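Notes follow the structure.
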Amino acid sequence: MAKRSNTTMTSAGLQLGREVAPPDSPETAKLDRVPNPQRDTDYLARFTVPEFTSLCPVTGQPDFAHLVIDYAPGPWLVESKSLKLYLASFRNHGAFHEDCTVAIGKRLTAEIKPKWLRIGGYWYPRGGIPIDVFWQTGRLPKGLWVPDQGVAPYRGRG
């Protein structure tokens with residue numbers, strides 16, 4: 001395998017390796033991307049976010065979710081620090097569960113142009129009702145192994 005220069009994988013504009021102020025909102029958050037060195041290979045990358053938070057747009061109460069983001073990278077990879085900051089920007093953002101989940105999937109798709117992406121938003125109950133939200137870009141690439149997202153349906157104390 002050829003040795004890669006560190007300069008080919010980094011850019012002066014990345015947030016990685018720098019002290020960065022948290023973004024004020026998802027709309028102003030910057031998502032960084034880096035070139036995919038395995039662009040010609042179909043593979044799956046997964047981000048698991050067990051402590052995602054946002055605010056109810058009506059009551060202002062906090063909402064909590066376990067997010068699982070699976071994607072088959074195309075030309076770009078999402079840089080994980082910028083993803084963390086982007087997701088943290090929802091902490092003071094008021095939106096319904098469905099909107100948060102789908103907006104994250106669409107934003108990632110627009111920024112990194114994956115071959116395929118899906119997001120599962122497993123929201124903890126509010127008002128006694130758990131809400132699970134699922135979104136994907138289209139058909140799964142042929143032959144791509146995608147494990148189960150591994151989040152059990154909410155059962156409470158049952």
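Using N, Cα and C of the backbone, Cβ positions are placed for all residues, glycine too.
Features as listed in Swiss-Prot:
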- C56: active site, thioimide intermediate (ACT_SITE)
- D63: active site, proton donor (ACT_SITE)
- V78, E79, S80, H97, E98: substrate binding site (BINDING)
- 1-13: compositional bias 'Polar residues' (COMPBIAS)
- 27-37: compositional bias 'Basic and acidic residues' (COMPBIAS)
- 1-37: region 'Disordered' (REGION)
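Structure with Swiss-Prot features highlighted.
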residue : record                              : CB count, 10 Å
C56     : active site, thioimide intermediate : 15
D63     : active site, proton donor           : 21
V78     : substrate binding site              : 23
E79     : substrate binding site              : 21
S80     : substrate binding site              : 13
H97     : substrate binding site              : 20
E98     : substrate binding site              : 13
Next item on the list: With substrate as the bound species and V78, E79, S80, H97, E98 as its recorded binding residues, calculate the greatest Cα-Cα distance and give it in Å as a whole number.
Entry: 24
Next item on the list: Name the one residue among V78, S80, E98 whose Cα is closest in three-dimensional space to that of the residue listed as 'active site, proton donor'; these are the binding-site residues.
Entry: E98
Check: What kind of secondary structure is E79 (substrate binding site) part of, going by DSSP in three states?
Finding: coil
Margin query: Counting by DSSP secondary structure, give me helix, strand and coil numbers for the compositional bias 'Basic and acidic residues' (27-37).
Written below: 0 helix, 3 strand, 8 coil
Next item on the list: Among the binding-site residues V78, S80, H97, E98, report those whose Cα falls within 10 Å of that of the residue listed as 'active site, thioimide intermediate'; none is a fine answer.
Entry: H97
Next item on the list: In three-state terms from DSSP, label C56 (active site, thioimide intermediate) for me.
Entry: coil
